[in-house]
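S.K.: Heads up, here are the entries from TrEMBL:
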TRANSMEM  25-48  transmembrane segment
TRANSMEM  60-82  transmembrane segment
TRANSMEM  106-126  transmembrane segment
DOMAIN    142-340  domain 'Inositolphosphotransferase Aur1/Ipt1'
TRANSMEM  174-193  transmembrane segment
TRANSMEM  205-230  transmembrane segment
TRANSMEM  278-297  transmembrane segment
TRANSMEM  304-323  transmembrane segment
TRANSMEM  329-347  transmembrane segment
Amino acid sequence: MTVVELGGTLSAAGKPLVLVNRYRFFVGLIVVHVLAALIVENATGIAFDISFVKRLSVLGGVMIPFFLVILTIRAFILMAIFDRPAKPIPAFASILWKVVGSWQRLLNGLFAMACLLVFFACFAYFKSIIPLYDAFSWDPAFAEIDRAMHFGRYPHEWLMPIFGTPFMTTSLNVAYHAWFFLLYFFMFVAWFAHKNQRARMTFLIALLLTWGVGGNLLATLFASAGPVYYEGLGYGTDYVPLMDALNTFAQTSPVWALDVQTMLWDSYVGPTEPNEGISAMPSMHVASSTLLAIGAFSFRRWAGIVMTIFLIIILIGSVHLAWHYAIDGYAGILITFVLWKISAWLCRDLPDGRETEQATQALV
């Protein structure tokens, strides 16, 4: 192979210097997170367990095929509506091949996916050791802030007349669990998207910042467990009526949150090893749902509106299901907006991919 041919091969491989420039902040943030985890491991003697990577990988292996089916159906519908080729089957096969046959795109996606798996292993580690630094001392303060902000009543008391039925409670719980599927779907799209690198990297970096700054740093500085554990932590019976109501609803219609809450509490009070992780401030369900809504607006306005509605549902569910104080959600929304702005600034020089192309040239 001549020097010219080698140069052409490197260029076809995706221009390495361009890729280094594109991923420098993304990889840099993950490296900082990993180094911090190793430092904490050395200081505390608590092992940095990477088994969380395996758990996320298994979940990804289950969900990614469903995502591919969804995106394939979407591509076919767009082709049928907008392109209307004379020979639809060969045209659709060409669309699929542009995705499957793009090894550069595949490697980009796998690299981003592997990086995020490592990051979330660090996130889970930091979350599990929060009680070592602060055994949830902020709960009474957040409960009082909630009551002061909502005219002398707790937020769940305002919500109960509307959502205080078995059906509505189960519906909120369904949405709360659907959050994980949607989060994974948005990450999957961001991993392998190629049309708009600025939007892609803005989302990925904002994801790291939101979970790292919000879910680790602020969660440690303002350690709280949430209303569900208020009595168990010895802070009083203010939220007992809410928990009694949820348990009553569960006798008629499923409230899966109660089982998860019990599992997390048993993990917290049981073993001496790092637990599964309890943390309320800020609400990462709400913060990440805010991120999904902002990211959806960068795709289509209607998608942003849909995800904003989902965000509101998650905010309501976080309070009604006793996971969070309302202030946890409000803080999550504010923090995410600020971190998105920072991420957008970091990615300002990347191409925005607004060049003209067929609507169905690729799945994402």
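Positions of Cβ are set from backbone N, Cα and C atoms, glycine also.
Note that the structure is predicted; figures quoted are calculated from it, not measured.
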S.K.: Under an 8 Å Cβ to Cβ limit, what residues of the same chain, 6 or more beyond the ends of the transmembrane segment (25-48), are close to it?
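M.R.: Answer is 112, 115, 118-119, 121-123, 125-126, 129, 132, 201, 204-205, 208-209, 212, 216, 273-274, 346-347.
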S.K.: I'm checking region-level scores; what's the whole-number mean pLDDT for the domain 'Inositolphosphotransferase Aur1/Ipt1' (142-340)?
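M.R.: Within the domain 'Inositolphosphotransferase Aur1/Ipt1' (142-340), the model's average pLDDT equals 93.
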